[in-house]
Amino acid sequence: MSWDQVWIDVNLATMDPSISAPYGAITNAAIAVKDGKIAWLGPRSELPAFDVLSIPVYRGKGGWITPGLIDAHTHLIFAGNRANEFELRLQGASYEEIARSGGGIISTVKACREADEAELFELGRQRLNALAKEGVTTVEIKSGYGLDTETELKILRVARELGKHHHVDVKTTFLGAHAIPPEYKDNSDGYVDLIINKMLPAVIAENLADAVDVFCENIAFNLEQTERVLSAAKAAGLEIKLHAEQLTNMGGSALAARLGAKSVDHIEYLDEAGVKALSESGTCAVLLPGAFYFLRETQIPPIDLLRQYGVPMVLASDFNPGSSPICSTLLMLNMGCTLFRLTPEEALKGLTLNAAKALGIEDNVGSLVVGKQADFCLWDIATPAQLAYSYGVNPCKDVVKNGKLVHQ
């Protein structure tokens, strides 16, 4: 066989649903790569003969290989920090109170408007490096800290540039409807007009976004405004998604499902009718335990209902300066289990196959299947559950991206 590389002495957590074992596991396995794709995988005993003198062979020392991790919800590009708001919350101020007093997202908007692209790129690069060291091979990055045309475009340009200069694949999301900017505080409908008539066309003209998102909440955009933005995005051929039911149940998830959104995110206050709507539309539920933890929330998403209705559950970091300044997907695995009561297998699926579904890229990544992109990680663990079980010592030993060893 003519391959570019072969990995032996490994176990595979393929996350392939066609394999009935937990994690889609194949023990005592091997995996071969050719032209950036998975060319063969299976039990080591069935590995076809190949020229060991001409093909690089990597020995996994009994570790586990998983698909590359996918962080499907981040706000990774921003300037400044909000440590002062952290102190205010510890003193009793709520997220909503801080936002309504001019803090929250708006304080980060000011910092991002003042920062240039070079500064934002370097900050983003450092954060992307941190995720990559934990086995992340694909990340979604949202705008939303500009809230004017110039700065929204600036953030999205930086995100696109990061994708060109880093081995991690970057999917971009336009989130101009993240908050009402100060200059439109008494004219939110006017700001929605700006998003639809000026921002969105400018984003499309430069091909800066793969999807469009809206923060549908009582401190941000109502249902009618949300539908206007999402409908305009859909009409332009972009994928849509939604921040919904984080603080209250406004019916955003049902709206997103009706419009064919790829995902709804947060969903702590999602009810059974909303879960059913997601199930019927095939919309993913993105769980963000970092924000739940950092904001000290008490109502968890309806995990049992999501299981009952077969809604794909995704885990993501929601890395951002205000509600989840936690740049770690491995910690999300642990939090997903300890806070939201996911099983370790559900948690890992939420950072691989289901995360790929939320981004519409499941045909190419998210599981170890012949023909898919060779994005995978070797972990120094005895069982896949260890990834969610402990935190603090990074067990990621090797990362292969597009068939190339990028971290060792």
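The backbone N, Cα and C atoms fix where each Cβ goes, glycine too.
What Swiss-Prot records for His73, His75, His243, Asp318 is Fe(3+) binding site. The Zn(2+) binding site annotation in Swiss-Prot covers His73, His75, His243, Asp318. The feature 4-imidazolone-5-propanoate binding site is assigned by Swiss-Prot to Arg82, Tyr145, His178, Gln246, Ser323. The N-formimidoyl-L-glutamate binding site annotation in Swiss-Prot covers Tyr145, Asn320, Gly322.
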Long-range Cβ environment of His178 (4-imidazolone-5-propanoate binding site), under 8 Å and at least 6 residues apart: Ile105, Lys142, Ser143, Gly144, Tyr145, Leu147, Asp213, Phe215, Ala220
Alpha-carbon distance [Arg82 (4-imidazolone-5-propanoate binding site); Gly322 (N-formimidoyl-L-glutamate binding site)] in Å: 6
Of the binding-site residues listed as His73, His75, His243, the one whose CA lies nearest the CA of Asn320 (N-formimidoyl-L-glutamate binding site): His75
Output field, Fe(3+) shell: CB within 8 Å of site CB centroid, site His73, His75, His243, Asp318 dropped: Thr74, Lys142, Asp265, His266, Val286, Leu288, Ala291, Ala316, Phe319, Asn320, Ser324
Between Asp318 (Fe(3+) binding site) and Arg82 (4-imidazolone-5-propanoate binding site), the C-alpha gap once rounded to whole angstrom: 15
Number of Cβ atoms other than its own within 10 Å, given for Asn320 (N-formimidoyl-L-glutamate binding site): 26
Candidates Arg82, Gln246, Ser323 (binding-site residues) - the one closest to His75 (Fe(3+) binding site) by CA: Ser323
Extra residues within 8 Å (Cβ to Cβ centroid of Tyr145, Asn320, Gly322), N-formimidoyl-L-glutamate: His75, Phe78, Arg82, Ile105, Thr108, Gly144, Pro321, Ser323
DSSP three-state assignment for Asp318 (Fe(3+) binding site): coil
Cα distance (Å, whole number) from Ser323 (4-imidazolone-5-propanoate binding site) to His73 (Fe(3+) binding site): 13
